[in-house]
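Visitor: One structure is given below, represented as structure tokens, and several questions about it will come after.
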Amino acid sequence: IGTVYQLVITITILLSQVLGLEVVLGTEWGWPWLLAVTAIPAVIQCVTLPFCPESPKYLLLNKGQELHAQRALNWLRGDVAVHGEMEEMHQEAEKNKVSKKVTFRELITNRQLRQPLTIALVVMIAQQFSGINAVIFFSTDIFKKAKLNESQSQYATLGMGAMNVVMTLISLVLVEVAGRKTLLMTGFIGMILCSVGLLMFFFQTEHMWVSYLCIGLVILFVVTFAVGPGSIPWFLVTELFNQAARPAASSVAVTVNWTANFIVGLSFLPLSLVLGMNTFIIFAILQLLFLLFIKCKVPETKNKTVEEITAMFRQQM
């Protein structure tokens, strides 16, 4: 479920790239309509959300409305046999009575929570500061610098977006086979190699084969990101915390992630104007630092319960 979140993002990125083609809406007259297209899913959500039930957990744990919770669960599952799941939620409700919700202040001051919070935040920052959004936001410009014309650059960007979707689909399977930490490290190693390769070959694009190599490295950069760093941070946060601390930790982690996204989107163009492709030196250094952090600090959460992960942190204290 956590990987599906990233999959939907990659699909919508690909859709936006298709709509941004010159033959569609990527023109001087078409771009206002392109921005207006975002109203369509907003209207669909406004129309359909009233028909969607509240979260069963919210109804049972927060409102104490057992009958409404069971009806919502029946609707969502398409099955009346939800007694087992209802029993699990009852057990969770009993645990919540014993352990009160963790506040943001407690996340910072509680030693047992500070380490998983640090890991969650660094992994979220790593996802954005890896340089992936710089590549996605400005891929067409990068392809132009690799001696492709306007039309070729747009279609190369489209191919990159398609590979992003395909590899995210593959990561759905890999995440339960290889494990979270392994995929994160594999992804960052691949991104480091691609960044170094771009730095080495980008200034020798007078040869056509070098231009195609640079295009391949950009696409491979996106592929290695999609393998692990793209999807794993979104659900790793939930695996590091129990139910009491999870809402506060997730809120902080997502805020940090989108703040980092904003910083990269705002700073890459000015940096690239000053440094050109040397900007990837910064990304390569950051990728290496994040790789070392993941190797030393991030635990493998595959096939482990929250209690087992919490015990691991206690042992390290």
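Every residue number used here counts from 1 along the chain in the order it is shown.
Backbone N, Cα and C define each Cβ position, glycine as well.
From TrEMBL, for reference:
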type	residues	note
DOMAIN	1-302	domain 'Major facilitator superfamily (MFS) profile'
TRANSMEM	30-52	transmembrane segment
TRANSMEM	117-138	transmembrane segment
TRANSMEM	158-175	transmembrane segment
TRANSMEM	182-203	transmembrane segment
TRANSMEM	209-236	transmembrane segment
TRANSMEM	248-269	transmembrane segment
TRANSMEM	275-294	transmembrane segment
Visitor: Counting Cβ pairs closer than 8 Å, which of 117-138, 158-175, 248-269 has the most of them with the transmembrane segment (182-203)?
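Guide: Checked against 117-138, 158-175, 248-269; highest Cβ contact count belongs to 117-138.
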Visitor: Summarise the model's confidence over the domain 'Major facilitator superfamily (MFS) profile' (1-302) as a mean pLDDT value.
Guide: 87
Visitor: Mind checking which residues of the chain, 6+ beyond the ends of the transmembrane segment (275-294), have their Cβ under 8 Å from one of its Cβ atoms?
Guide: 122-123, 125-126, 129-131, 134, 145, 181, 184-185, 188-189, 191-192, 195-196, 198-199, 202-203, 268
Visitor: Any residues 6+ beyond the ends of the transmembrane segment (248-269) with a Cβ under 8 Å from its own?
Guide: 101-104, 106-107, 113, 116-117, 120-121, 124-125, 127-129, 131, 133-134, 137-138, 233, 237-238, 240-241, 279
